[in-house]
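Single-structure report; data block below.
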Ligand SMILES: Nc1ncnc2c1ncn2[C@@H]1O[C@H](COP(=O)(O)OP(=O)(O)OP(=O)(O)O)[C@@H](O)[C@H]1O
Ligand code: SF4
Ligand SMILES: [Mg+2]
C-alpha cells in the first residue's frame, strides 16, 4: 500500500479551469472523503487520477513515483451509475476477469475462475453466478460487481465517485457497509467522492471540501464536520437535509 | 429483461409486419435465383441458335434472344449469382474498410492522427459515390475486380462515418471508461465492448447497401467498365440489350427489371429491419393523453383525513389503480391507493424504486400514456371529476390549477426554444393572455422563483440555465397559472445538496405564501421529512403507512417505514455500527404475493402475513397503517443487519 499524492494539480478545459492547483494526500489504508457541490471539480479530479483526462499541470504520485502513463494503473475507479458502468452484453464474471493483471494465478482459465469466485465472495455475491448478465442484478448488486471489478485490478487506491447516489436508500446502506468492511479487512485506501455529507461522515476518516476547483478545507472528519473553519463548509453543513426538520 | 431475448423478439417482430414479410419473401426469391440460377439454366443460357438471332419475345423465348440467339430470360436468371456475389463482395470491402477507418480515431486515442482520419472520412463522404467508383475503375483497370474494389471503396466512407459516430457514442459509456481504467487495451475494448453493439446498425446498413451496390454495379457494367464478356452480370446484359434496343427492347428490360427487383428486395428488407428494431425503443408513457375508464358512481363517504371540511380538499383519490397490458397478462403496478390533500398541506410520498410513486402522480395529473388503464372509485381535483371525459373546461382546470415538476428539468423543457417562450405559452394557451401579457407574467414568475435577472434570462435557452435554475424555471412554469396543487416527482434528486436545499425552501415558501397543496415524491425520507407535514409510504403499489412527518423517526408503525428511516445515515448516525439494511429486493408488479407484499423481507412476518393482505387501517395517532403487527418489536427490525441477507 502506498500514498496517493496530488501536488498542485490543475485541469483546464479550454479556458475553464475545472481543477485549480489542488494538493491533497490519501494516506495508505485510509478513506478520504471529497465533498463539494456539483461542478466543483470532484469528478474531474477523479478522472485525472485514473488517466481519463490529462492534468494540465502538477503531478500525481503514488508511493513517490509518478503514475504510469500506459498499461495497467495501480488505481481503480468505481463509477456513479451501476447501470451504465457494466457492459450489458458481458457476463459479470468476464467483466471482473477483464480487470485482472496477468500473473501466475490468473494465467489459466481455472485460475481466473477461482479468482472471480473469491472476489464475488468478498463483496457478498458468493451465491451469484459469474455467468449472470448485469441486467439480472439489482442496482446494489451491480455496484458490488463494480467494486469486485475494481478489486480485481489489485489496486493500491480505489477512486469511488458518487457510488451510492444512484442507489435506492434501502441498498445504499449495504454498499456503504461493504466499503467500510473492505477498508478494515483489506486496509484499502480510497478517495471517496460524494455530495452527501452524512455518507462521507460514515465512511471517511479524513474529509476534503472542494469548491470551484479548489480545496478550501481539509482535515479529519471529526474536525472538518465538527468545527468547520471555512464558511463554505458551514454552508454545506447547514444544507444537509434533516438538520432543520419542521 | 435480458438483451438477447428482447433482440430476438425484435427480429421476430420485423418478420411479422406486412412490409417486413413482403421484403423477406422477395429477398428469399432473389437469393434462391442466385443459388439455383446457374445450376438450372446455364444450358439454355449458353445454347447458341444462329437461326434465331435477336429474336423478338415468343412463347419459347419470353424476352427474345441475343445476338447469338441465346435465351435472354435464362441469361438473366443465370447472371443473378454473379451480380449478387459481386455486390456482396463490394459491400464486404466497404464494411471492412469502413470499420477500419471508422474505429481508427478510437484506436489512435483521439490525437492528431485520429483527427486527420476523421477529417479525411468526412471529405470522402461528401464526394459523389459513383464518381469515386469511376475514378477507381480507371485506377484498377476495367474488369470485375476493378469494379468490386471501386464500388467497395466508394461505399467505405459512408460506413466509416457510421462506425465513427456509433463508436464515439459508445466510447462515452461508463463501462468503456471503466474498462480503460482497468487497464484494458484499446483494441480489446473495441473488440469486446464496442463492436458487438454495432452489429444491428451494420446489418441494416449493409442490407440497404447491398441493394445500392447492385445498382452501382449495373451502372458500371452498363458503362462497359464492369464485367467483361464472356462473363456476364445484369449490368453487362443491360449493356448488350441496349445495343439492340430498337430490335428487341425486352432484351434490355429483362435485366433492368431484375436489377430493380433485387435492389428493391435488399432495400425494403433493410428498411423493415431498421424500423422493427427501432420501434422497440419507443416504450413507456410518453403520449400525453389520458386513458381512463368510467368508474362506478362514487358513494357519499366521508373524507377520511383528519375530519376537515371537504371544501378544503384540493385532491381526492380513492382506490386508484393503474394497470398495463403485459406480455403475460395484466400488470397492476398501482393497486388501490387512497388519500386526499388539503389546501396548504404538504404531503410526501416515499418508497423504493418501482413502488408506484411516479405512476400515482402521473395518473393524478393525467399524463399517463394510452397503454395505461386508470381506474378509481374517485379522482377529484377541486371537486371536478377527473375520470370523466376531458372537456375543454377541464383541460383548462388541469392546465392552470395543477402544476407538475419532474426530476430532470432538462428533459421537461424543449432545448430548442427560449425559456421565456415556453413559460409564456402556458399563459397564451390556457389563460387567454396576449403574448406580451404572457411574457410579462413569465418574467414575474421567474422572479418569484428567484431566478436572477429574469428579464434577461427569459431570452436564454434551457442549456444556458444551471440544473438548479432549470428546476426553478420549471416550478415557475407551474406558477404561470394560479395552481392549487403542485405535484413534484423527485424534484431535487438530480441536484446537489446546496441547490437541493434552495429548491426545497422555494417549494415550502410557495406553499406558505399561496396556501397551495403540495405533493412531494422522493425516495429520500429526509427530504420529505424536511418539507412535508404528512408522509405516505408506498410499497409494491400500495400505501403501507400514512403518518405525520414528526412521527417518522420515533413513532412509525410499519416495519418497512422503520427500516427505511434506519437505512439512511444522518449526521448523528453512530459510525461505529454497521448501517441497517433491508434484506431482499422489492417485489415487482409481476410477482406480487397473495399476502402482505413486504412479508419476504419483514422480520415480523408470520403465517397470516403470508396468506392475508393487511388492510390499511386508522391508527390511534391519526395515521393509517397496513400491517398485522403494527409497531411490533422495533428492535428486531433495526438490530444487527447482516449483509449476507441482502443478496438472496
Ligand atoms: N408503461 C409501463 N408499462 C408497464 N409497466 C410499467 C410502465 N411504467 C411503469 N411500470 C411499472 O410500474 C411500477 C411502478 O413504477 P413507478 O415509475 O411508479 O415507480 P416509482 O415508485 O416512481 O420508482 P422510482 O423511485 O424508480 O421513480 C414499476 O414496476 C414499473 O416497472
Ligand atoms: S403484515 Fe406482517 S409481513 Fe407485512 S409488514 Fe406487517 S408484520 Fe411484516
Ligand atoms: Mg419515479
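Heads up, the Cβ atoms here are built off N, Cα and C, so glycines get one too.
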Looking at B:287-310, B:311-334, B:335-358, B:359-382, which stretch does TrEMBL describe as region 'Disordered'?
B:287-310
Ranges B:84-107, B:156-179: which does TrEMBL label transmembrane segment?
B:84-107
Taking residues 6+ outside the transmembrane segment (B:127-154), which of them lie with a CB under 8 Å of any CB in it?
86, 89-94, 97, 213, 216-217, 219-221, 224-228, 231, 233
Positions whose Cβ lies under 8 angstroms from the transmembrane segment (B:245-269), at least six residues beyond its ends:
19-20, 22-24, 26-27, 29-30, 54-57, 62-66, 72-73, 76, 79-80, 83-84, 207-208, 210-212, 214-215, 218, 234-235, 237-238
